[in-house]
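S.K.: Positions annotated as topological domain 'Cytoplasmic' by Swiss-Prot, on the basis of sequence analysis: 1-8. Residues or ranges marked as transmembrane segment in Swiss-Prot (evidence: sequence analysis): 9-29. The topological domain 'Periplasmic' feature in Swiss-Prot is assigned to 30-160. Marked as heme binding site by Swiss-Prot: His130, Tyr134.
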Amino acid sequence: MSAPRKTRLYAILAVVCGAVLTIALMLYALSSNIDLFYTPSEILYGKNETQEKPAIGQRLRVGGMVMPGSVRRDSQSLEVRFTVYDAKGSVDVTYNGMLPDLFREGQGVVAQGILDTDDHIAAKEVLARHDENYTPPEIKAAMEGQNGHAPAAGPEGKRL
């Protein structure tokens, strides 16, 4: 092999090795920031046909409904304990902080945190979900007419 071909081969190999190393480092950095989404039943019984359960200590997000009657607040701190459920199971969540305004029993919620035990999540963040018809209380009050009713229809049946 001639000297120019050898130099070109080494340059190509160096570029390929550099690209592989860069991709490997990027994937390693991203893997620590990935939080997989689970439902309570997937945490308890596994995901899909593989029945793969999240590992204890894994960062994840759990989404479901807040079980009515399950919210317990600590009077000495901001700690809140509640249960998130779906059709097939429920998991307990502990969160230390201010809950969102939309957080209510029977309402949808997504908790992001770490799986402590098989059925308990220590949440770092709690997001309240709502449907597309949500109206903030202040706007709803401003839009409603007297006695809590919407304004009457105007000309041609249009709402005022």
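Cβ coordinates are placed from backbone N, Cα and C, and glycine is handled just like the others.
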S.K.: If you average the pLDDT over the topological domain 'Periplasmic' (30-160), what number do you get?
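M.R.: In the predicted model, the topological domain 'Periplasmic' (30-160) has a mean pLDDT of 80.
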S.K.: How many neighbouring Cβ atoms, not counting its own, are there within 10 Å of the Cβ of His130 (heme binding site)?
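M.R.: Excluding its own Cβ, the number within 10 Å is 12.
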